[in-house]
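Participant: Grabbed the feature section from TrEMBL, which reads as follows:
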- Cys7-Cys38: disulfide bond (DISULFID)
- Cys17-Cys28: disulfide bond (DISULFID)
- Cys39-Cys50: disulfide bond (DISULFID)
Amino acid sequence: MSQKDPCQKQACEIQKCLQANNYMETKCQAAIQQLRKCCAQYPKGTSLVCSGFEKEQEENQAQKSESK
């Protein structure tokens, strides 16, 4: 049996928020920030739901280093 994702609860809160707000991401920024905080607490690769944020961070870092 696989271990439960440590940030699954926050990911579910984002989904609930998006559904309740007609998928308007701007209305769910608080839930998104909570997931980002959760993801920051765990080593990279620990949480599957954080993989999108980790990829986003890598892309942002690559863009910053290219612009220097």
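First residue shown is number 1, and so on along the chain.
Cβ coordinates are placed from backbone N, Cα and C, and glycine is handled just like the others.
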Participant: Which residues in the same chain, at least 6 apart in sequence, have a Cβ under 8 Å from the Cβ of Cys39 (disulfide bond)?
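Facilitator: For Cys39 (disulfide bond), the qualifying residues are Cys7, Ser47, Val49, Cys50, Phe53, Glu54.
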Participant: Tell me which residues of the chain lie with their Cβ under 8 angstroms from that of Cys38 (disulfide bond), as long as they are six or more apart in sequence?
Facilitator: Pro6, Cys7, Gln10, Ser47, Cys50
Participant: Does Cys28 (disulfide bond) have same-chain partners at least 6 apart in sequence with Cβ under 8 Å from its own Cβ, and which are they?
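Facilitator: Spatial neighbours, sequence-distant, of Cys28 (disulfide bond): Ile14, Cys17, Leu18, Asn21.
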Participant: Say we define neighbours as other CB atoms within 10 Å of the CB. Which of the disulfide-bonded residues Cys7, Cys17, Cys50 has the fewest?
Facilitator: Cys17
